[in-house]
Amino acid sequence: MRVDSTVLALVALATDCLGLAIKSNEPELLRRDALPIYKNASYCVDERVRDLLSRMTLEEKAGQLFHKQLSEGPLDDDSSGNSTETMIGKKHMTHFNLASDITNATQTAEFINLIQKRALQTRLGIPITISTDPRHSFTENVGTGFQAGVFSQWPESLGLAALRDPQLVREFAEVAREEYLAVGIRAALHPQVDLSTEPRWARISGTWGENSTLTSELIVEYIKGFQGEGKLGPKSVKTVTKHFPGGGPMENGEDSHFYYGKNQTYPGNNIDEHLIPFKAALAAGATEIMPYYSRPIGTNWEAVGFSFNKEIVTDLLRGELGFDGIVLTDWGLITDTYIGNQYMPARAWGVEYLSELQRAARILDAGCDQFGGEERPELIVQLVREGTISEDRIDVSVARLLKEKFLLGLFDNPFVNASAANNIVGNEHFVNLGRDAQRRSYTLLTNNQTILPLAKPGEGTRFYIEGFDSAFMSARNYTVVNTTEEADFALLRYNAPYEPRNGTFEANFHAGSLAFNATEKARQAKIYSSLPTIVDIILDRPAVIPEVVEQAQAVLASYGSDSEAFLDVVFGVSKPEGKLPFDLPRSMDAVEAQAEDLPFDTENPVFRYGHGLEYEDN
């Protein structure tokens, strides 16, 4: 007989502390009762959760189910009704995503301490959980991640995958954990374990490439590094593994942030392979999962967004895979909004016709616990009071969310040492580790006539450059000229091709064709035919660049690196060690012909997964 996961969760909560209760004696109980149970660290976590839950009003419970972005700033109330003060003081919310650049670690730590202080002033004093999208690399997109700023700067996860070094991934995660902890961030809205089986998809830079086995191997170390020693605890940063059940196979490579990219498809009937990294994450102790916006088409599943889909969340994730942790939806499934000045409808794909109230009910019924990017607790209150959703069902999700706060130690010490933050974040050791990874992750695709490394350019050697500032060359005492006719070598840094999209938010997603247009190809060809040229192609997606490979003297691939890293590799200060984490297709025809859900399905690629040359030892 199949037992509902909701019942199992309540039974577990009621019985986990039984052993402790039996062992208790009366004097000990008297000492422990000096504080409310939920504030008393001598009680086990499940007893504290149960006690706090029993004290909460429906409105306070509803507030726990929402996870909203905020930026650094004052806590004063404002006329829009959505300030931090309103969300904490009136809407009872305690989960926030820090959605702004961090330019001063101490200042950010002080801001988060201020938020925690405000939370302690509420009736029950439930502490705040601060989360963040990735902020240790080069991506700058309010919807997906932030440039490192004051944090140590590493290659994107693709670059870590290119190095195929689980210990390095563990080291990165431990560094990121220390830097997050220093400012008060306790939740990482990553890793992204989608497989990059559709080369046009705009989210590939956040993946670990095309190989499910490699992704699984690396993700285990990633999660363990963020959690620290053992299970989730006071020195942990919890991770949110996404996007279940694997966001890679997007129809035509479009992204489901947007209405035209809402479909996810499996023409190769390869659903199971996309689940492999999630199974590895669960085995490694993942405590939170995020489904993607997409709706599956051409499958036996209902064609509705994954967070609305009970077959996905309850039957597959909780039932078949046995997950009993938190399911956090992706952002903005209920309410239409603006991101910047771009209007964004709620990503309620397949259930657009439902009201906001009905969408919230559908998400809870599917088995999700928390609504990302929303601040609508009044909907939950209405659903319970109307009898659509039981308060017992709300209690199950609230208990999961509270338990996580207790495990993280937030109830016992929500504050950080702000004065120490600047000494931890971006310290010399962490920065050097990131810089070394940037250099090592470079992949040498071609090296005709062994032009690289340019270890000792002769005095007076002149360079034509594109894609980076000449000041980096001047600092090395190299001469930069304005035309190829004057130069001895050309050094070019190019982003992987994409088709710009309209809208301030939409434009951040590199989408569409992976090939340079005819005009740009002709322009580059003139350079390649004029002088020896070294190209660095920045692979946030698998570029279609056979003409570059054929015509340039040497081609390097990178996955998030600064100009100093590029020049160190070019001039032999560092060696490229990376191997391609995906195939590089030969043509857009080949890309369009491949099945979105099958890895390594592109016909006759320019380079296969795993390609990467090495510098010869001189």
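Even glycines carry a Cβ here, placed using N, Cα and C.
Following the DSSP three-state reduction, the secondary structure of Asp330 (active site) is strand. Summarising the annotation, Swiss-Prot assigns active site to Asp330 and lists similarity to another entry as the type of evidence.
If you look up Swiss-Prot, you'll see Asn40 (among others) marked as N-linked glycosylation site. Counting every protein chain shown, the Cβ of Asn40 (N-linked glycosylation site) has 17 other Cβ atoms within 10 Å.
If you look up Swiss-Prot, you'll see Asn82 (among others) marked as N-linked glycosylation site.
Of all Cβ atoms in the shown protein chains, 16 besides its own fall within 10 Å of the Cβ of Asn104 (N-linked glycosylation site). Summarising the annotation, Swiss-Prot assigns N-linked glycosylation site to Asn104 (among others).
Sequence-distant contacts of Asn211 (N-linked glycosylation site), defined as residues of its own chain at least six apart whose C-beta falls under 8 angstroms from its C-beta, comprise Leu195, Pro581, Pro599, Tyr609. Taken from Swiss-Prot, the feature N-linked glycosylation site applies to Asn211 (among others).
Note: Asn263 (N-linked glycosylation site) has non-local neighbours Met250, Glu251, Ser256, Ser294, Arg295, Ile297, i.e. same-chain residues 6+ apart with C-beta under 8 A of its own C-beta. Residues annotated as N-linked glycosylation site in Swiss-Prot: Asn263 (among others).
Marked as N-linked glycosylation site by Swiss-Prot on the basis of sequence analysis: Asn417 (among others). Around Asn417 (N-linked glycosylation site), taking its Cβ as the centre, 13 other Cβ atoms fall within 10 Å, counting all chains.
Annotated N-linked glycosylation site per Swiss-Prot: Asn448 (among others), in sequence order, evidence recorded as sequence analysis. A simple way to gauge crowding: the CB of Asn448 (N-linked glycosylation site) has 12 other CB atoms within 10 angstroms, across all the protein chains here.
In this structure, Asn477 (N-linked glycosylation site) belongs to neither helix nor strand by DSSP; it is coil. Around Asn477 (N-linked glycosylation site), no same-chain residue six or more apart in sequence has its CB under 8 Å from its CB. According to Swiss-Prot, the feature N-linked glycosylation site maps to Asn477 (among others).
Annotation comment: Swiss-Prot describes Asn482 (among others) as N-linked glycosylation site. Mapped onto three states, the DSSP output places Asn482 (N-linked glycosylation site) in coil. Taking Cβ-Cβ distances under 8 Å and a sequence separation of 6 or more, the neighbours of Asn482 (N-linked glycosylation site) in its chain are Tyr464.
Here Swiss-Prot flags Asn502 (among others) as N-linked glycosylation site. Counting only same-chain residues at least 6 apart in sequence, none has a Cβ under 8 Å from the Cβ of Asn502 (N-linked glycosylation site).
In the three-state DSSP scheme, Asn517 (N-linked glycosylation site) is classed as coil. Around Asn517 (N-linked glycosylation site), the same-chain residues at least 6 positions away in sequence with a Cβ under 8 Å from its Cβ are Pro497. The N-linked glycosylation site annotation in Swiss-Prot covers Asn517 (among others), and the record cites sequence analysis as its basis.
Annotation comment: Swiss-Prot describes 1-19 as signal peptide.
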What does DSSP say about Asn40 (N-linked glycosylation site): helix, strand or coil?
coil
Asp330 (active site): tally of other CB atoms within 10 A of its CB:
24
Given the recorded positions Asn40, Asp330, Asn417, find the one whose Cα is closest in space to the Cα of Asn104 (N-linked glycosylation site).
Asn417
Three-state secondary structure of Asn417 (N-linked glycosylation site) from DSSP?
coil
Tell me the Cα distance separating Asn448 (N-linked glycosylation site) from Asn417 (N-linked glycosylation site), rounded to the nearest angstrom.
53
